[in-house]
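Notes follow the structure.
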């Protein structure tokens, strides 16, 4: 049985994966940044991180089109820095992609708990793992088509949220106590801007995961740049819009430490029993599902690539009859479910499980981003002959 993945994905599939991987970050997680920076402070943080990610994606696109490999950052770092560099980038990517899904699964549980108070969020989270691991095992074309559909629905729902909330938007609400709880900028606001970085990254975290589907992309030199650039623009517009509208709906401090800020923000405008509320809860699940489903695809390809290269047990590189790395999919699920049930058993400086998982995922991502950027510079010098159908604009300043 071969351990090569089959190219089946087009531009729309890759856009769906790139945006879908991230779009849950528009629904939850980011509002924890308000708790440490306030609305105005977090707006500054988000603007900085959005700029960083846009520059990063241009650079990352160069690497992905030049080396379309399921390992993504692992493959780039291995080519640039050898086995040790590849291992560092591969493990960092695994940390990002294994710790992000439990946080998303718990948010799925929280959203369902709004509709069904008797449903245990952890039970719902485990159910989500079982359903979407199965879907990923059944084939990448099916998984990518499902990802595209739920991503489009999730984007539409965010636009609907902004439209419904906009009549009640108040700039005064958004700006009140906006500098880390104060109405004026000071030292707490300055430190809050930096403390909120992990939660601003959550708006964009995992967009790079589409690189792990590059080996399964048709004509990667054309499809990948189109998917990545349109994807990051989509996410920047949605992030700013959602944050502004939610913050201006009422007292944003009530939204700063919860897993479902959008339903609660909408409740401030339309009331608890509005049909818009029910729609947001149900369709809002699509955003969480899109990211959850996409990241399962991402972590499985990372396990697969590391195993195929000999860093992990070779059994993880085996493909099922559906040409998917089923053992890698299952292993990531087992680790994620274990993380969900460690809530209350393991305490990480008093953080909630969701905040702790986000912090761990962001830590892995930052290490991976550093390794990817170093790889870009190293390969420009050591492999000038490499075919690069897309080159990062503004090199070396922009990267």
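The backbone N, Cα and C atoms fix where each Cβ goes, and this holds for glycine too.
Listed in TrEMBL for this protein:
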TRANSMEM  12-30  transmembrane segment
TRANSMEM  36-60  transmembrane segment
TRANSMEM  87-112  transmembrane segment
TRANSMEM  124-143  transmembrane segment
TRANSMEM  148-169  transmembrane segment
TRANSMEM  189-207  transmembrane segment
TRANSMEM  227-246  transmembrane segment
TRANSMEM  276-299  transmembrane segment
TRANSMEM  328-348  transmembrane segment
TRANSMEM  354-377  transmembrane segment
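Listed stretches 12-30, 36-60, 87-112, 148-169, 189-207 were compared with the transmembrane segment (227-246); the greatest number of C-beta pairs under 8 angstroms is found for 12-30. Outside the transmembrane segment (148-169), and at least 6 residues removed from its termini, the chain residues within Cβ reach (under 8 Å) are 12-13, 15-17, 19-20, 23, 26-27, 234, 238, 241-242, 244-246, 248-250, 262, 265-266, 268-270, 276, 279-280, 283-284, 286-287, 289-290, 293.
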